[in-house]
């Protein structure tokens, strides 16, 4: 049984509300969007396997996806996007707060009334010839006090099937929402309406793209893209941009962080949250396998990308992974770099923009040392290693992705769906720096840790001989994802630390790491990957009050003898290469920090400028 229709501008659009939907506000909102966008029909997604299979079959028929060889990759698919729709579009991403200063200088801002007028024009009739899918989803385990619900209205079946993997999606969410529950409304269209009888294309999209957030009303509108974070609105749009503003208002944190558990041979368990910008090995670190010399240690994965953290009754910060799947970058993922990720991808995966092998499996750069002799590349063209060498063309797009259920990860933590979250013992912040920043530093206190995170960055270009690469500052790895003024975000971190300390809680320790120092020959000086466990163990020793280290201008760094070296031949001279600090380089670095602070000066917390002055004084000169 269904109920309710709405009369659109040109025809009646059946809303077809299932009897189990009791939320009048939700029904009315769906009706308003249907009236605006004029879809042929409305489908309320129940999240079932049958629904998923039906939509995947339809997309195979539509040539949006290819079914992979069931013997090689059971129940898995490859989607190839339009070449113009392959990544997040930061320059088309807007934070439309009521006041421009609330968005701040690091976000694109348009006045809300002006943006709403633009969106109304774009969305009017945008879903003609298509189906509007109502996608109810929970970010975090249903019923968790840390979780929040969203509803995405989308005309893309690709979005529906990916959201089923990436979130808890379906009827159970509507049941939890009840008659008056709160939800974040998300509207998405690929922006390509179909005329009567018009043949659809495999990957519909529009050259005009808008990814828009209204922080005060907690709304998300996305137009023109069917890809990734532009279209899966639970991910960066909700889980970071909107959730960060919710956290600011309500006293919690939404962070671009992995969460991992570490259990010692004695059974002591620790929980770490870590923020790294893109291309810095976040997923690899989340799924780390302890190296030789660490028998009896276990690292488990709670999340690989996003963390929501709320203060518990004991004053500690408790974190959940709000996602239910991994939307990971495929290139560079291989048996050497991340065997746990590869094992996660054995079945039930949607791959996007990777290459197709002759026997119906997938391949990407970094999966194997030697590419197959013949492939179909991400644009559907024949590809051979010779073509790659001659043209520089990659078989898989550099931002090609996999969407896989987190439950399939061999290293998944037993508490990954604990509704109460896990207590965080430490935060790690890291960037990709070939010089200057040492392997690991412990901040003296919360304020200096916030300073470290606020000034972190990664090199964006290959460094010329003897020169440092251009450093892109990415505070807290949140530059593209903070939904409000970055200076206010720093203040929020500082205030939360004060609040937790006032409640008598032991604050998480804060560390800065850099796995990417290079030697004189331009080679990475630290082996990285599983060997990062050696740094992690030192942090755990410090948490327990056991670890030693040497104090310097910025905090505490371990001496050679403070790390556990069993199973790795790494000399004191090699260690000096990754931990040395050049005062001249650091004076130049602090001058770059000043440039960042100048940009954010209007609301920059005094504590950060004071911390910078203290560090300069310690550094001398």
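Every residue, even glycine, has its Cβ placed from backbone N, Cα and C.
Its Cβ taken as reference, residue 280 (active site) is surrounded by 22 other Cβ atoms within 10 Å in the chains shown. The active site feature in Swiss-Prot is assigned to 280.
Reduced to three states, the DSSP call for residue 88 (substrate binding site) is coil. A sphere of 10 angstroms centred on the C-beta of residue 88 (substrate binding site) encloses 20 other C-beta atoms. Annotation comment: Swiss-Prot describes 88, 227, 228, 229, 278, 399, 400, 401 as substrate binding site.
Residues or ranges marked as Mn(2+) binding site in Swiss-Prot: 236, 256, 305. Around residue 256 (Mn(2+) binding site), the same-chain residues at least 6 positions away in sequence with a Cβ under 8 Å from its Cβ are 240, 275, 305, 306, 476, 477, 478, 481. In the three-state DSSP reading, residue 256 (Mn(2+) binding site) counts as coil.
In the three-state DSSP scheme, residue 280 (active site) falls into the coil class. Annotation comment: Swiss-Prot describes 279, 280, 281, 282, 283, 284, 401, 432, 529, 530, 531, 532 as GTP binding site, evidence class sequence analysis.
Summarising the annotation, Swiss-Prot assigns compositional bias 'Polar residues' to 400-410. Residues 162, 165-166, 228, 287, 301, 303, 321, 323-331, 333, 340-341, 343-354, 364, 378, 416 of the same chain lie 6 or more positions beyond the ends of the compositional bias 'Polar residues' (400-410) yet place their CB under 8 Å from a CB of it.
As annotated by Swiss-Prot, region 'Disordered' applies to 391-414.
A Cα-Cα distance of 19 Å separates residue 228 (substrate binding site) from residue 281 (GTP binding site). Packing around residue 401 (substrate binding site) is summarised by its Cβ count: 27 other Cβ atoms lie within 10 angstroms of its Cβ, all protein chains included.
Residue 305 (Mn(2+) binding site) carries neither a helix nor a strand DSSP state and counts as coil. Here the candidates are the recorded positions 279, 280, 281, 283, 531. The one whose C-alpha lies nearest to that of residue 399 (substrate binding site) is 279. Whole-number maximum of the Cα to Cα distances across the GTP-binding residues 279, 280, 281, 282, 283, 284, 401, 432, 529, 530, 531, 532: 26 angstrom.
Sorting the compositional bias 'Polar residues' (400-410) by DSSP state (H, G, I as helix; E, B as strand; all else coil) yields 3 helix, 5 strand, 3 coil. Taking the C-alpha atom of residue 279 (GTP binding site) as reference, the shortest distance to any of the binding-site residues 227, 229, 401 belongs to 401.
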